[in-house]
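Chemist: One structure follows; several queries about it will come next.
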């Protein structure tokens with residue numbers, strides 16, 4: 001019984017002394033990421049904190065890329081213009 005009490009006291013003391021490292025430490029002061037050995041779902045590794053830990057940053061904190069215009073819309077607009085030119089040429093030829 002005394003041994004069980006001693007073990008529980010030791011575990012209670014250790015939980016107060018040892019820091020919880022499940023969340024990881026911050027990468028750099030201005031970076032909204034955490035140093036981890038393996039990134040969670042929805043995160044990507046931006047750079048290495050040290051030899052074995054990556055700086056994992058959530059996708060929501062990353063900038064959104066500027067996407068170019070869709071090629072399909074551009075092609076349709078060119079096609080309409082050529083059809084109009086053909087109609088104009090036919091009307092000028094017949095007049």
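Using N, Cα and C of the backbone, Cβ positions are placed for all residues, glycine too.
What Swiss-Prot lists as compositional bias 'Basic residues' is 76-87. What Swiss-Prot lists as disulfide bond is 27-55, 35-49, 39-56. The annotation region 'Disordered' is assigned in Swiss-Prot to 74-95. Here Swiss-Prot flags 1-22 as signal peptide, drawing on sequence analysis.
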Chemist: Is residue 27 (disulfide bond) helix, strand or coil when read with DSSP?
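Modeler: Going by the DSSP assignment, residue 27 (disulfide bond) belongs to neither helix nor strand, so it counts as coil.
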Chemist: Tell me whether residue 35 (disulfide bond) sits in a helix, a strand or coil according to DSSP.
Modeler: strand
Chemist: Specify the nearest of the disulfide-bonded residues 27, 39, 56 to residue 49 (disulfide bond), where nearness means the distance between Cα atoms.
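Modeler: So, of the listed disulfide-bonded residues, the one sitting closest to residue 49 (disulfide bond) is 27.
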Chemist: Within 10 Å of residue 27 (disulfide bond) (Cα-Cα), which of the disulfide-bonded residues 35, 39, 56?
Modeler: 35, 56
